[in-house]
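This report refers to the structure that appears directly beneath it.
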Amino acid sequence: MQDILGSVRRSLVFRSSLAGDDGTSGGGLSGFVGKINSSIRSSRIGLFSKPPPGLPAPRKEEAPSIRWRKGELIGCGAFGRVYMGMNLDSGELLAIKQVLIAPSSASKEKTQGHIRELEEEVQLLKNLSHPNIVRYLGTVRESDSLNILMEFVPGGSISSLLEKFGSFPEPVIIMYTKQLLLGLEYLHNNGIMHRDIKGANILVDNKGCIRLADFGASKKVVELATVNGAKSMKGTPYWMAPEVILQTGHSFSADIWSVGCTVIEMATGKPPWSEQYQQFAAVLHIGRTKAHPPIPEDLSPEAKDFLMKCLHKEPSLRLSATELLQHPFVTGKRQEPYPAYRNSLTECGNPITTQGMNVRSSINSLIRRSTCSGLKDVCELGSLRSSIIYPQKSNNSGFGWRDGDSDDLCQTDMDDLCNIESVRNNVLSQSTDLNKSFNPMCDSTDNWSCKFDESPKVMKSKSNLLSYQASQLQTGVPCDEETSLTFAGGSSVAEDDYKGTELKIKSFLDEKAQDLKRLQTPLLEEFHNAMNPGIPQGALGDTNIYNLPNLPSISKTPKRLPSRRLSAISDAMPSPLKSSKRTLNTSRVMQSGTEPTQVNESTKKGVNNSRCFSEIRRKWEEELYEELERHRENLRHAGAGGKTPLSGHKG
């Protein structure tokens, strides 16, 4: 029976088609055939075991949908609003992106196509799994909307964090950028372009882990539709690459441009170009000039170089996400400031440790060998720079330089040096060979070559050396084993150091002259007139009017002065205004002459021109002794604790 009906139907369909082709009157027959076909289709007797070859295959049923409930509004996405939801079966929190469906019949076909695109996208994203990618769970279509169920990430987006906390420090930027590149690398390896990377689409959880979200503009890239690539423009203008704005076709490199713009957003706290242009003006500017956004000046050199690699105007010259993960800005490996000195001690043929030497102990021994009384002069040098010399085995006497040796500069922290007492106690305990080896004044005749780095610090400290030592340093004159560094505060002083000390003595005497001027007596004025006969008495305050009476003449001035002369003068000549006892002590010092001082030029001329200098001096001393005796008698009468002003005994 079924075979008969099938043959009748086929014959009727064939005849109706022939009648239609011939254009004859077959309207009644065709209508009759159509009624038979419709009745057969509506019948449930199952006439056909297989569908006709021209009909599409039946669509597979979707997996059971998730039972969920919509909660509060938490944000707005690219295609609609985002709500918080809950899985009613597991209690898991969800993020539900709701896309409204337009009810208008005019845009019905366009809306249905857009919905199919989103469904295909979510079906694709359900297969992705990565720590830095938001997990998609599925879609649920309703009468007026399409709901996309996603993993809920607490904490908010990067843009919301920038509004709350301001711009991020560079360590935070590095951490977020590295995770962003890891997620983007995973997407690109799976043939997916994000095409809308920005701070608002990067979510951060409470542990600082970021997730790439809002793949509303992403698309499975098996082929780029045409040879020129994708032709649609999606995304936000401030983060758009020039090729996206110009619609010349773009690929994964457009996401790299957006990564660079996102780094600038995190560093400044604002979208790129937002301070210079509005959105429409930014589109025109980027499309016309292909310029990258301004790079903040306070970023590190590695960060600036990273941005330049991301924001190259030529898409083919931008680095991929995999290559950017190896950039020093992301890895944290800073470039060496001095690449020429990167060789370590062990890379050289004969490391210095084989000689039983230590750099710090060697420098400490150099400091201990100095003959100064303390480390004060050493500390004034600032930092001690020396050259680490790698000795080599040779038949010739001494050590030399090799081509492979490196000149590593060492800066010694003065806190590591021993204190003054240990230096003083260890001066005599140092080995003669060690002193000889590390004597910087010796030339190549010793077993070590000496090299001074001509840096500003060393040149400044070299001025503290004595003249004959500086000449040895420049001309390379060899010195004996006992030669050592001697600074300006040492016990042995040269004639060149005499000038500097002379200036200090003059300033000290000028200060004391002002004090003695207040206690001028007729006896002192008489002595001054005898010492300076050509200078009027009114010019007393403009010259060094006082000089100790026991100073020798110019022929007796010593060539070398001990280093303790300043301290002796300061201790022996206190201010005479304090008490009469100090005045007496000052008078005794003026007679004793234990510490010689320098005589100024005006006094020298006065001594040479005065023929009766010795007689006047003897007379002055006698009168001074008489005045002192009268003062002692007054003190004895007044009592042991009595104090009588010196002004009461004038005349």
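Glycine residues also receive a Cβ, built from the backbone N, Cα and C atoms like all the rest.
On a predicted model such as this, the values are computed, not experimentally measured, just so you know.
Pulled from Swiss-Prot:
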{"type": "ACT_SITE", "residues": "Asp196", "note": "active site, proton acceptor"}
{"type": "BINDING", "residues": "Ile74, Gly75, Cys76, Gly77, Ala78, Phe79, Gly80, Arg81, Val82, Lys97", "note": "ATP binding site"}
{"type": "COILED", "residues": "105-130", "note": "coiled coil"}
{"type": "COILED", "residues": "618-641", "note": "coiled coil"}
{"type": "COMPBIAS", "residues": "582-608", "note": "compositional bias 'Polar residues'"}
{"type": "CROSSLNK", "residues": "Lys108", "note": "ubiquitin cross-link"}
{"type": "CROSSLNK", "residues": "Lys110", "note": "ubiquitin cross-link"}
{"type": "REGION", "residues": "573-608", "note": "region 'Disordered'"}
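Mapped onto this structure are the features recorded in Swiss-Prot.
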{"residue": "Ile74", "record": "ATP binding site", "Cβ contacts under 8 Å, 6 or more apart": "Val82, Tyr83, Met84, Ala95"}
{"residue": "Cys76", "record": "ATP binding site", "Cβ contacts under 8 Å, 6 or more apart": "Val82"}
{"residue": "Gly80", "record": "ATP binding site", "Cβ contacts under 8 Å, 6 or more apart": "Lys97, Gln98, Val99, Leu100, Ser145"}
{"residue": "Lys110", "record": "ubiquitin cross-link", "Cβ contacts under 8 Å, 6 or more apart": "none"}
Request  = Around the Cβ of Lys108 (ubiquitin cross-link), how many other Cβ atoms lie within 10 Å? Please give the count over every shown protein chain.
outcome  = 12
Note = Asp196 (active site, proton acceptor) to Lys108 (ubiquitin cross-link), Cα to Cα, whole Å, comes out at 26
Request  = Ten-angstrom check, please: count other Cβ atoms within 10 Å of the Cβ of the residue listed as 'active site, proton acceptor', all chains counted.
outcome  = 20
Request  = Would you identify the secondary structure of Gly80 (ATP binding site) according to DSSP, in three states?
outcome  = coil
Val82 (ATP binding site) CB neighbourhood, other CB atoms within 10 A = 19
Inquiry  = For the coiled coil (105-130), what's the mean pLDDT in this predicted model?
reply    = 76
